[in-house]
Amino acid sequence: MSQQRPARKLPSLLLDPTEETVRRRCRDPINVEGLLPSKIRINLEDNVQYVSMRKALKVKRPRFDVSLVYLTRKFMDLVRSAPGGILDLNKVATKLGVRKRRVYDITNVLDGIDLVEKKSKNHIRWIGSDLSNFGAVPQQKKLQEELSDLSAMEDALDELIKDCAQQLFELTDDKENERLAYVTYQDIHSIQAFHEQIVIAVKAPAETRLDVPAPREDSITVHIRSTNGPIDVYLCEVEQGQTSNKRSEGVGTSSSESTHPEGPEEEENPQQSEELLEVSN
């Protein structure tokens, strides 16, 4: 049978009576309230003050101010103003107010797309396109768009002119329309804009030239000249509903160098005719 050994008495440790009292109180949950509340209150006030200081610092330094986008824009402004496009990264970090690591993030990206090259550890040189005309690119694009709009407008006007020329050709040279190429007195009288005005109708051959000199105070002079045949001038009395040939009150006509050959189609030299109209107020 085994014999039980008597329990060995451990040597007692020398403890400070004050420390033993504090430890006993900490282990006892009932005595937790015995801790000094003043110490807890001081710690809470310190924490609140620390948090408020951190918030104040965040307000003073917006996140956008240190973003890569903002720093890259400022970096490009420095590149644009740098002589030869060479920058000292130490000075760049000082001017931007950031660590050099942030500047290296920018230069590494630009170096990867062959826009800068490293001259030394802390110096880079811009090797991209010329930045002196960087601001003129939007203006150049705007001018190109305006030029495209003007070219499109010019093409549209050319089409309208071509269409009008075709309609004029069909009106004057078409055999079906040739017999209807005239206006009657009733047609002129029905136009409201001609009322209370002097209306002069001119019947002249092709390529007839009409010149209107500067009007005088009391009259207007009109020169009509033709080398292909006679010129007939009619005055339409719109108000009275009558027409008169060559003469009317306040209107004078004179004819010179005008002949009526018996066979104009057999004549070698074309017939010349000139009319001078003078309308008095």
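Even glycines carry a Cβ here, placed using N, Cα and C.
As recorded in Swiss-Prot:
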DNA_BIND  50-129  DNA-binding region
CROSSLNK  Lys9  SUMO2 cross-link
REGION    130-222  region 'Dimerization'
REGION    143-164  region 'Leucine-zipper'
REGION    173-281  region 'Transcription repression'
REGION    241-281  region 'Disordered'
MOTIF     95-129  motif 'DEF box'
Item to check | Helix, strand and coil residues within the region 'Dimerization' (130-222) as assigned by DSSP | outcome: 50 helix, 12 strand, 31 coil
Checklist entry - Over the region 'Dimerization' (130-222), what does the predicted model average in pLDDT? => result 84
